[in-house]
Amino acid sequence: MWSLTASEGESTTAHFFLGAGDEGLGTRGIGMRPEESDSELLEDEEDEVPPEPQIIVGICAMTKKSKSKPMTQILERLCRFDYLTVIILGEDVILNEPVENWPSCHCLISFHSKGFPLDKAVAYSKLRNPFLINDLAMQYYIQDRREVYRILQEEGIDLPRYAVLNRDPARPEECNLIEGEDQVEVNGAVFPKPFVEKPVSAEDHNVYIYYPSSAGGGSQRLFRKIGSRSSVYSPESIVRKTGSYIYEEFMPTDGTDVKVYAVGPDYAHAEARKSPALDGKVERDSEGKEIRYPVMLTAMEKLVARKVCVAFRQTVCGFDLLRANGHSFVCDVNGFSFVKNSMKYYDDCAKILGNTIMRELAPQFQIPWSIPTEAEDIPIVPTTSGTMMELRCVIAIIRHGDRTPKQKMKMEVKHPRFFALFEKHGGYKTGKLKLKRPEQLQEVLDITRLLLAELEKEPGGEIEEKTGKLEQLKSVLEMYGHFSGINRKVQSTYYPHGVKASNEGQDPQRETLAPSLLLVLKWGGELTPAGRVQAEELGRAFRCMYPGGQGDYAGFPGCGLLRLHSTFRHDLKIYASDEGRVQMTAAAFAKGLLALEGELTPILVQMVKSANMNGLLDSDGDSLSSCQHRVKARLHHILQQDAPFGPEDYDELAPTRSTSLLNSMTVIQNPVKVCDQVFALIENLTHQIRERMQDPRSVDLQLYHSETLELMLQRWSKLERDFRQKSGRYDISKIPDIYDCVKYDVQHNGSLGLQGAAELLRLSKALADVVIPQEYGISREEKLEIAVGFCLPLLRKILLDLQRTHEDESVNKLHPLESHVHSLLSVFRYGGLLDETQDAQWQRALDYLSAISELNYMTQIVIMLYEDNTQDPLSEERFHVELHFSPGVKGVEEEGSAPAGCGFRPASSENEEMKTNEGSMENLCPGKASDEPDRALQTSPQPPEGPGLPRRSPLIRNRKAGSMEVLSETSSSRPGGYRLFSSSRPPTEMKQSGLGSQCTGLFSTTVLGGSFSAPNLQDYARSHGKKLPPASLKHRDELLFVPAVKRFSVSFAKHPTNGFEGCSMVPTIYPLETLHNALSLHQVSEFLSRVCQRHTDAQAQASAALFDSMHSSQASDNPFSPPRTLHSPPLQLQQRSEKPPWYSSGPSSTVSSAGPSSPTTVDGNSQFGFSDQPSLNSHVAEEHQGLGLLLETPGSGAQELSIEGEQELFEPNQSPQVPPVETSQPYEEVSQPCQEVPDISQPCQDISEALSQPCQEVPDISQQCQENHDNGNHTCQEVPHISQPCQKSSQLCQKVSEEVCQLCLENSEEVSQPCQGVSVEVGKLVHKFHVGVGSLVQETLVEVGSPAEEIPEEVIQPYQGFSVEVGRLAQEASAINLLSQGIPEIDKPSQEFPEEIDLQAQEVPEEIN
């Protein structure tokens, strides 16, 4: 490590020279000047010119470091300075010679590494007093993590929350450790798992991360890289008991660490690498070097780099950053370290060090030296500029994989122990309680055992009826011998007058009933090994979804999606609901997508965000809406009729005329008769299982996923009991469970050969195909109402991602519950996205969707956004959206019955166009062997030529034709194997470009009949390091097809990590079908806005009366959001927090902030509970093509910005004089800048109070003022509007700005206070405008011109040297414009914008101060 100490008050600077090695130590080395030849040097000597004075730079470090490649590269460049000579002290001299014998030097670069005698180096520096590049005394501190953390804390640099456990016999009070199952308490500080345990010595790299039992438990053990491993997963969950450690909070970082390399206080290079905690496998490129991804640092992170550099007095210094929740935390300081393999960095580093040394020492040597003007302006190293592709954003909504049957049991409990447990865990706050954690489930089990013991002693009384239920509760909780929150959960709901009375609506006054709890035990529903394989396969397939990827990522060619951006890990966001199977599916998907290895637990903890924490996948599923209750009642009524379906039943049950629904009703005919048959088949099934249990040969029979015959019988006999009620009527709600169970047994336990199972599957599927989709609404209106109720936050999230990704690329993966997938599809089908009578492609898509009977596991809805750079930024042609869909894994029904889609990205039949665009994806798919029938071509006609044709998909330009390199990631059956994409294009000629053109498998089309098994090919390609020639693929039928059994692939059974029991079959997944590929961004945005607005309008009307009575003076924060009371007390200046005043929440990546990292929303609607804590997420984009904001600069008043197409109004780093408007800063922290300038914070507070009231009175949409207000204080520049929402928002803008101006006029005394120029910014905040969103027109820009005074000098002072963060403003402009278009509080990860307009009024003045 290197430190810079300024000896005797000198400023720290550095110069380098290259010279003698070990053998030539006594003499001064000769400066190496590569540009001079030997003869020129000889001529110089012959002329006997007096030698120029030379500054000698000594390198004092271990040989391994001083002769390393980066050091050699930098020293060679340093020697190009005419007056610098470098000498390297040999290791022998350093270790064995006394310091008096060391050669003298004027400047010393010395740093500690293993075995280095730091004491001697310190003694040498005292003896010779050279100029030190890296301070030596501070290097003692860097070796102790406790000291590093102490110094960082003193400097106000953000750290993860931590506690030190010193096991020192002399100080026993510092060694208080209490370990629980899922947490540890260190000296009073509690750290719930996951947490990190670091040895106090910085030289000890054995860092352990402990995982919570809900994610599978165990720990990840990190160590210094050994070969290709940097960590290993261990099932051990107990912390180490010897040695001193630092315990700190685990930061969820999307699976990357950012390494920052500072050279002096003004230069920092950053790289991201895969976190060793993820799977422990080191990613290496073709040369065997660890793969790193360049990263852009934010202004805040550059400031952190400067602080670290100065605090530790190390000119050359490396440290580790964790980017989590929109913040950047320093977790390690490494001292002296160089970037590897970056020529740009070597040049910059040598230049900075040379200039530093010359600036410091040239005056002493009378060397004429003037620093080159550009020397200090070395640019921050940008990301690798790889050509920006047209694909801007991919949002995929994916259902979880294959799972065990879900089971549940309800029981009413009244025992005081259950009430005590309910109270203990805070159930009375909401009246509901969900218990999932192991210790909570253990408490339930303890109570159950106690009650059963009491019942044995004294049977009788009311509890007697529940003995069976208590027994079942006990057996389920004891089922696996250990608890994992992923398996089971207990929900309890409080009923003040008993469950029965509450449900039957009895009058509680008439009879006083005792309160009771309804206990619902849910178990099963675990992801099976097959489900895990499906998710991994799909992840691998997604990797190649984007054509044109020639990049080599971890040995896989053609990783298109990953090439969206070299820092793709920062853009990839994977959200999952809190269901264990959903989280595990998401982790397995991430594993496949990112080519990870090993256990799922570390991947789950690092990569998968729980979307329930922020409400993204929330829906109040437990309490059904009134509409759902009505629908369920009608559905049950229709299906209880013991008569064949008549025409009126078809009208009542299938008003949408869905093909699959009509087909199922035809199969059913008489619903009660079918239920009778189903019940008889279930009875027969349980009888067969009981017989099998009597058979001595079945004693040790293991079913799939470790199930036993007893458990299987329990599953079926419970359904048998519950399906037919005592009255003889059937419980229709059990039909999905019956289908679930029989599907599972036919697929996984077929070896039992149970008779009647196939018939039971056929009948239950027919019933389920009616019940499941119709539970989400029977008529179009009901379907839409229920759908939006389920997935409103999800819709807002999708809309927001689409709106923001024209700025940078993003990849979002959402893993929701089944209800969200059904609902989202309903929104697209019934919400009126397009008029199917006018659009032939959409009509075909709707026909296809209506023919799909089941949204099976791994169903995908994929939205892709493209940008055409050749189009005008404001035209509708600029941004283009495609909608794709796959119904998930193939069911067990016959192949022929599957509906045929339109193929993946179907193109028009204009051959000329096909020829000109040779790089298109379809052309990359090879022709099909002539003997293979084309299912899609036979069943779906080619689209006719003519005006109704959709436009061709925009395809990626900058790439060669046929450059696609794809290896199919699965093996599958011949007639329609696993393909990510299907296509109904006619076969085109095959291009002879090696394996690259053989994109069989993945995009394999219906045109191509199968896919080959990737693992073998990948291994082959990797070991032989070459592409397979086309000839080698001629006989791919014989070579590469894996025998398939009944459409199920067994390909992954041979993978040891997949944990297959026996040889279970993994169903293949239907390829993606394109629903539409000619949508404009404007169409989709308008559609989603309309749906959200309709829903919130309805809610607003429902609660309007309540709202008016509660708070008539305050209107909602924007026209379409559900009204709610806004409490805004006078703004208090907060206490100074530990965070430094300059701190702003940094992004998870500046380069690409499109994929929000943790969506939050402030929707007050109780149906979507969002976390109460304000998120600390915020995204900044430093490089932006965007329009800026009005910024007040001293002496210039308000600068007007013209609104022009792509014109950049000012550079991202415009001027150090302009204070950045950090509007996205969380309001917890905004007071800090104010405290920096105490003399003006008071007026600012006054004016905020004055401003907050008018800004709350934003009119509701119904009261929008229509007339244009023409006030002398406003300059309104109107841009032609295209859409209605724009007009509405401009009216809103005008209204707010009128009030702000009015306020300014009325409070002239306050306005004349020093802060007045700042408060006027509030008006502008409301009037930010949209940037570059294709067809969405830019908003009216309203400039509050009148009393704009200059910002006084002292206001600006704290912000000297900051760059204006244009990107952030542009993003917020986009975001706030969305708000004004009527999408209330879009849940917006990683970039908070103020929740209510009155909050904006309060925040902005403070922040600018």
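Positions of Cβ are set from backbone N, Cα and C atoms, glycine also.
Sequence annotations record features per position, and here Swiss-Prot assigns ATP binding site to Arg145, Lys198, His205, Arg224, 248-251, 257-259, Ser275, Asp320, 332-334 based on similarity to another entry. If you take the C-beta of His205 (ATP binding site) and look for same-chain residues 6 or more apart in sequence within under 8 angstroms, you find Leu222, Phe223, Arg224.
Annotation comment: Swiss-Prot describes 981-996 (among others) as compositional bias 'Polar residues'.
Per Swiss-Prot, the feature compositional bias 'Polar residues' maps to 1110-1119 (among others).
Swiss-Prot lists 1163-1178 (among others) with the feature compositional bias 'Polar residues'.
Per Swiss-Prot, the feature phosphoserine maps to Ser920 (among others).
Annotation comment: Swiss-Prot describes Ser963 (among others) as phosphoserine, evidence class similarity to another entry.
What Swiss-Prot records for Ser1013 (among others) is phosphoserine, and it gives similarity to another entry as the kind of evidence.
Positions annotated as phosphoserine by Swiss-Prot: Ser1049 (among others).
Swiss-Prot lists Ser1121 (among others) with the feature phosphoserine, giving similarity to another entry as the kind of evidence.
Marked as phosphoserine by Swiss-Prot on the basis of similarity to another entry: Ser1128 (among others).
The region 'Polyphosphoinositide-binding domain' annotation in Swiss-Prot covers 382-453, and the record cites similarity to another entry as its basis.
Summarising the annotation, Swiss-Prot assigns region 'Disordered' to 891-996 (among others).
Positions annotated as region 'Disordered' by Swiss-Prot: 1110-1183 (among others).
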Practice problem: Starting from the Cβ of Glu248 (ATP binding site), draw a 10 Å sphere and report how many other Cβ atoms land inside it. | Solution: 24
Practice problem: Specify the secondary structure state of Arg145 (ATP binding site) as given by DSSP, simplified to three classes. | Solution: helix
Exercise. Restricting attention to the region 'Polyphosphoinositide-binding domain' (382-453), give the mean pLDDT.
Key: 81
Self-check item: For Lys259 (ATP binding site), nearby residues of its own chain (Cβ under 8 Å, 6 or more apart in sequence)
Solution: Ala270, Glu271, Ala272, Arg273, Arg292, Gly318, Phe319, Asp320, Leu321
Self-check item: Phe250 (ATP binding site), number of other Cβ atoms within 10 Å
Solution: 21
Practice problem: Using all protein chains shown, find which of the binding-site residues Arg145, Asp320 scores highest when you count other CB atoms within 10 A of its CB. | Solution: Arg145
